[in-house]
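Per Swiss-Prot, the features are:
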BINDING   Asp53, Ser54, Glu55, Tyr56, Asp57, Ser102, Leu103, Glu135, Arg158, Glu195, Lys310, Lys334  NAD(+) binding site
ACT_SITE  Lys137  active site, N6-AMP-lysine intermediate
BINDING   Cys428, Cys431, Cys446, Cys452  Zn(2+) binding site
DOMAIN    613-691  domain 'BRCT'
Amino acid sequence: MTDPIAPLTSKDINTAKSAANEDAIVAQMRTFIDALKKHNYAYYVLDNPILEDSEYDQLRRSLLELEEEYPDLIQPDSPINQVGDMPLSAFTQVTHDIPMLSLGNVFEYDDLRDFMRRVNDRLSVAQQSPEYEMELKLDGLAVSLKYAYGKFVQAVTRGDGQTGEDITQNAKTIRNLPLWIPAASDIELLEVRGEVLMPKAGFERLNRLAEEKGDKTFANPRNAAAGSLRQLDPAIAASRPLAFYCYSVNQGLPEHIKTQSAALAWLKTIGFTVSAVEVVQNPREAQAYYESVKETRGDLPFEIDGMVIKVNSLALQQQLGFLSREPRWATAYKFPAETVMTRLHAIEWQVGRTGAITPVGKLEPVKVGGVTVSNVTLHNFGEIQRLDVRAGDMVSVHRAGDVIPKVTRVWTDQRPENSEPVKLPSTCPVCDSPVVLPKDEALARCTGGLFCPAQQVEALIHFVSRRAMDIDGLGASWLISFFEHGLVKTVADIYQLHNHQEELITLEKLGEKSVQNILSAIEASKQTTLARFIYALGIRGVGETTAQNLAQQFGDLDALMSASIEKLLLTPDVGAITAELTYKFFRAPHNIEVINALREAGVHWDKVEQVASEGLPLDGQTWVITGALDSMARDEAKAKLQALGAKVSGSISAKTTALLAGDKAGSKMAKAEKLGVKVVGEEEFLVLVGE
């Protein structure tokens, strides 16, 4: 006999009513959330709103009222959470668990076939040619997202591939980015990667509003997306029409999924937006799909700049592995460069860091390859003469990928009757010093030197740049402002800015915290390397590689400063012109004064460990490296050659002993063959260095 059922108390009845009421409230919340998410997808991704603004606002208000009344019942994926958090003071740097590598590029059908052939060659002969998966190459900002047991916890930009910026608070505001994934609630860590982009219609709306307010507009959707994600105030990012498209799973993929296409299908089922996918078997099918997308890409709601082609099998991807900067199993098939016609209204002359006078064409603004172009470099006076380009001409402007736009043709049949040939200015447009065009040089130059304000400012900008003294946060705009306010004239003055802290704080938009950050970065930059310091000085003809070679050759700044032209010529990559320019630089009283001031300010570096090449296997040899190596980065290969006594140069000449050629060796290979320079493959190189 079972025990009789105990009678319900009034407390039990109230608890039951409360539970039922909670279920009803949650159900109502879910109805609002699902409707809002559906609208957000239609609006921000498809650009096809399904609700009027007033209907959307009413839905949102209804959900917000419920959440304010029942905060304990707020759902983890509520769109109310996507409105922006407190502003940040700075972005945190995060190291990627798995590097975010870039892709190699192909531009023609023959390149595509070569890519697939290389894939086949690397796979076992017993295997059939693999199938490939093709995706749209979205033109946005690459980011990595992490979810812990289904909850969104972190977003990081690609950065340099190894380290990116934590943009979690901004990413939370992206309307189609899921904050909670029920289907992934049992996955300890899910990492997905994709592109944050701005749909074309949203971009046009954003720029239209900016124009109405008199604010600066964005050049293209990609810049707008990147700029939105890098706002310290998440509320600004929340106001921008951003969308996230997922293209890979890097951690947490269920084991039963074996292909890239299946991975994207799974991502779609759990709540992510993915682009169109096509599986192909060979180059011919890949080309057909590429052509079809190229013809219809204008109908897409977002910008793309090509296709991405991946080996579909995840196991084969693992087998094929990676080069130092890109996977062997994937490549980008870029769309051809776009060429458009527009009018060139004027030609202006700019002055660079070394006094180079460069002509810049001012165009009627025109969209080329997704970017609005209003300026175009004309390189030098010789190029102007070659093109016979004049103010008022109709010109063809060409742009491929991220390459700087250039004029490829002048339509002389449409030239105005009153046009006149362009003349090289006789005086500097900034300081009025005489302009000279040295014999055997393409660039005209201002003779004003550091008397010329333009050269002074450009020298300052170069000095603080990432590959020089790397003074983080001290950008061009601040340097120009400091220069105009008389706080800096030479690079040595940068290290005296701590004496002007109050003046810096009073400058427009530069608060106490920003000033402190800049001063801290300046202080940190005092510990550098001799090679960086030499490069930062901005000696004409001395790039990064030459600066490294000079540091290694002389080992000491004083030895370099006192070196004769004959001794300078013993340095790899230093020819007669660079040797003479370097020699003269270190004998100019002003330059010596600046260098002494930098040292007195505390700029220093560790002693250079010079490699004694005498008696080493490659002593007296000069090598050049080209292409991508499978086994190591090129810098590592360079170090191994130097350890054996070789000099490593950046250019091929008759004096070159050997060319180390990796994958995708380009014009240097052809030049080596023409000059009869020995070409060494990677396997032979590894034997040479004992690996």
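Positions of Cβ are set from backbone N, Cα and C atoms, glycine also.
Between the alpha carbons (Cα) of Lys310 (NAD(+) binding site) and Cys431 (Zn(2+) binding site) lies a span of roughly 55 Å. Nearest by CA distance to Leu103 (NAD(+) binding site), out of the recorded positions Lys137, Cys428, Cys431, Cys446, is Lys137. For the pair formed by Cys428 (Zn(2+) binding site) and the residue listed as 'active site, N6-AMP-lysine intermediate', distance between Cα atoms is given as 44 Å, rounded to the nearest Å.
Cβ neighbours of Arg158 (NAD(+) binding site) (same chain, under 8 Å, six or more residues apart in sequence): Met100, Leu141, Ala142, Val143, Ser144, Gly164.
Sitting within 8 Å of the Cβ centre of Cys428, Cys431, Cys446, Cys452, and not among those site residues for Zn(2+), are the Cβ atoms of Val351, Gly355, Thr427, Pro429, Val430, Asp432, Ser433, Val435, Thr447, Gly448, Phe451, Pro453, Ala454, Gln455. In three-state terms derived from DSSP, Leu103 (NAD(+) binding site) belongs to neither a helical nor a strand segment and is classed as coil. For Cys446 (Zn(2+) binding site), the same-chain residues that are 6 or more apart in sequence and have a Cβ closer than 8 Å to its Cβ are Val351, Gly355, Ile357, Cys428, Val430, Cys431, Ser433, Val435, Cys452, Ala454, Gln455. Note on the domain 'BRCT' (613-691): DSSP counts are 26 helix, 17 strand, 36 coil. Comparing the binding-site residues Cys428, Cys452 on other C-beta atoms within 10 angstroms of each C-beta gives the minimum for Cys452.
For the recorded site, Lys137 (active site, N6-AMP-lysine intermediate), the DSSP three-state label reads strand.
The number of other CB atoms found within 10 A of the CB of the residue listed as 'active site, N6-AMP-lysine intermediate', across every protein chain shown, is 23.
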